[in-house]
Amino acid sequence: MAPARTMARARLAPAGIPAVALWLLCTLGLQGTQAGPPPAPPGLPAGADCLNSFTAGVPGFVLDTNASVSNGATFLESPTVRRGWDCVRACCTTQNCNLALVELQPDRGEDAIAACFLINCLYEQNFVCKFAPREGFINYLTREVYRSYRQLRTQGFGGSGIPKAWAGIDLKVQPQEPLVLKDVENTDWRLLRGDTDVRVERKDPNQVELWGLKEGTYLFQLTVTSSDHPEDTANVTVTVLSTKQTEDYCLASNKVGRCRGSFPRWYYDPTEQICKSFVYGGCLGNKNNYLREEECILACRGVQGGPLRGSSGAQATFPQGPSMERRHPVCSGTCQPTQFRCSNGCCIDSFLECDDTPNCPDASDEAACEKYTSGFDELQRIHFPSDKGHCVDLPDTGLCKESIPRWYYNPFSEHCARFTYGGCYGNKNNFEEEQQCLESCRGISKKDVFGLRREIPIPSTGSVEMAVAVFLVICIVVVVAILGYCFFKNQRKDFHGHHHHPPPTPASSTVSTTEDTEHLVYNHTTRPL
């Protein structure tokens, strides 16, 4: 019996070598597909759920960085990744990220990328990113944000009856009684979410008063009462700031940030109790950072670095700037999405990162600040083949209330049309004369509008795992086929050997040897590899 086992092992040895080699190849290939960004922090989607929350990818456009940041978009970071879907996964693990912009390597296909940029395209719930045509880039947006953008483009150049100042805005306010909101003519306000004790009163056709607001968030739906726009609605969020939130939005020192852009902004000075202008660099700012002075005043009216009298007459004491308690690291082991994780696992508020003052025990919050600067600089250096990006902007009446006749360009009809300009803010798709409008935007059509062309599929985690499973099954089938071939070949040799040279063993011994050999082959081909 022992010699038979030895012979069986000897016969199987040649088959074992290619089997092991193939198994190692399959295993290494499988391991290579598992690399990727770290798992998402608490509250953020990961894996297949993450990838499924993004669009397939809009090709042929690049972010107009200066215009987007000027509108309120936020550059988050530029991680080093190898593939497009890794960039999307990095967006999933980054708080407030809703755009993953991928720069492709020339002539290397869709999965070889040169750079990855993560952006927050929302400001006050509005989509504020702007794009310009440029080959070699793919944009992945969260489906929710992309859907809002497409709805905006679908409404397109017909306009909306919702006053511009209130379309999708997110108000930050101090506790006050009542909150008076002006320029709301022809709108009905209905509470969708929040404390139901709040009352909406209209004592003037042009303004509403909100009574009973407490700390927390309220969602109102505005509906146009004008017959010209019977179905127009918009949501407005009102957040009554708590003491802790007021520290962030009103008492934090103005923070230029590490990036070297130049964007005019407003911040609140609690010492003088006024809003002041400053120049924002483009990244790593804090919440005391407003696009318009009106927002700043509404959020921080009456806040000072000492006693503050609330609507109920109680005294609320605010420190000069964020409390020292919030500057101390918390080493509980779990960081919130709004916190920065130090290298030693401790947590600090995210606005303390790269503020030129080490707040982590190991100073890791000041160790990698150049990555933001280099990523933002690279994004700003991208050139556009055309300077006609304003020609695809929707006509913007602005925030003022004048009635100035102007012309705007419609890329779908490739003609210019009239609209009424309010006199301030707005955009550059705004011309005094029709001929000036046509000459400025000649050649621009719907193909230049972001998001209305074909999309490129993005591999999901599920599809990658399926590909890995198929690859593994193929490897196993090949191994089994090789082993089977070698086994039957050796069996055939045994048959011819027995026919010409009968072995000097009893028949029972021959049967036992054959069963033993089959037993060994079965174990070798079916045991876990």
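Backbone N, Cα and C define each Cβ position, glycine as well.
Long-range Cβ proximity for CYS250 (disulfide bond), meaning a same-chain Cβ under 8 A and a gap of 6 or more residues, is found for LEU241, TYR268, PRO270, ASN288, ALA299, CYS300, VAL303. The annotation disulfide bond is assigned in Swiss-Prot to CYS250-CYS300 (among others).
For CYS283 (disulfide bond), applying a Cβ distance below 8 Å and a minimum sequence separation of six or more within one chain yields THR74, PHE75, LEU76, GLY257, ARG258, CYS259, GLY261, TYR372, THR373, PHE376. Under the three-state DSSP scheme, CYS283 (disulfide bond) falls in the coil class. If you look up Swiss-Prot, you'll see CYS259-CYS283 (among others) marked as disulfide bond.
Residues near CYS275 (disulfide bond) in space but far in sequence (CB under 8 A, at least 6 apart, same chain), listed by position: TRP266, TYR267, TYR268, ASP269, TYR290, GLU293, CYS296, ILE297, CYS300. The feature disulfide bond is assigned by Swiss-Prot to CYS275-CYS296 (among others).
Secondary structure at CYS335 (disulfide bond), as computed by DSSP, is coil. Sequence annotations record features per position, and here Swiss-Prot assigns disulfide bond to CYS335-CYS347 (among others).
The feature disulfide bond is assigned by Swiss-Prot to CYS342-CYS360 (among others). When Cβ atoms from all protein chains are considered, those within 10 Å of CYS360 (disulfide bond) total 21, not counting its own.
Positions annotated as disulfide bond by Swiss-Prot: CYS354-CYS369 (among others). Of all Cβ atoms in the protein chains displayed, 22 besides its own lie within 10 Å of the Cβ of CYS354 (disulfide bond). CYS354 (disulfide bond) carries neither a helix nor a strand DSSP state and counts as coil.
What Swiss-Prot records for CYS391-CYS441 (among others) is disulfide bond. In sequence order, TYR409, PRO411, ASN429, SER440, CYS441, ILE444, ASP448 make up the list of same-chain residues 6 or more apart from CYS391 (disulfide bond) whose Cβ falls under 8 Å from its Cβ.
Under DSSP, CYS424 (disulfide bond) is assigned to coil, being neither helix nor strand in the three-state scheme. The disulfide bond annotation in Swiss-Prot covers CYS400-CYS424 (among others).
According to Swiss-Prot, the feature disulfide bond maps to CYS416-CYS437 (among others), an assignment based on sequence analysis. Counting every protein chain shown, the number of other Cβ atoms lying within 10 Å of the Cβ of CYS437 (disulfide bond) is 22.
Annotation source Swiss-Prot lists domain 'MANSC' at 57-140. Across the domain 'MANSC' (57-140), DSSP helix (H, G, I), strand (E, B) and coil residues number 16 helix, 38 strand, 30 coil.
Within the domain 'BPTI/Kunitz inhibitor 1' (250-300), the DSSP-based counts of helix, strand and coil residues read 10 helix, 15 strand, 26 coil. The feature domain 'BPTI/Kunitz inhibitor 1' is assigned by Swiss-Prot to 250-300.
Summarising the annotation, Swiss-Prot assigns domain 'LDL-receptor class A' to 334-370.
Feature annotation from Swiss-Prot assigns domain 'BPTI/Kunitz inhibitor 2' to 391-441. Per-residue confidence over the domain 'BPTI/Kunitz inhibitor 2' (391-441) averages 91 (mean pLDDT, predicted model).
The Cβ neighbour count for ASN66 (N-linked glycosylation site), using a 10 Å radius over every protein chain in view, is 15. Per Swiss-Prot, N-linked glycosylation site is recorded for ASN66 (among others), and the stated evidence type is sequence analysis.
Secondary structure at ASN235 (N-linked glycosylation site), as computed by DSSP, is strand. Among the features that Swiss-Prot reports, N-linked glycosylation site is placed at ASN235 (among others).
Here Swiss-Prot flags ASN523 (among others) as N-linked glycosylation site, drawing on sequence analysis.
Taking CYS354, CYS416, CYS437 as the disulfide-bonded residues under consideration, the smallest Cα distance to CYS347 (disulfide bond) is found for CYS354. Among the recorded positions listed here, namely ASN66, ASN235, CYS342, CYS354, CYS360, ASN66 has its C-alpha nearest to that of CYS437 (disulfide bond). Cα of CYS360 (disulfide bond) to Cα of CYS354 (disulfide bond): a distance of 11 Å. CYS369 (disulfide bond) has none of the disulfide-bonded residues CYS335, CYS342, CYS424 nearby, counting only those with a Cα within 10 angstroms of its own Cα. Ranking the disulfide-bonded residues CYS296, CYS369, CYS400 by the number of CB atoms within 10 A of their own CB puts CYS296 at the top. Note on proximity: of the recorded positions ASN235, CYS335, CYS424, the one nearest CYS342 (disulfide bond) is CYS335, by Cα distance.
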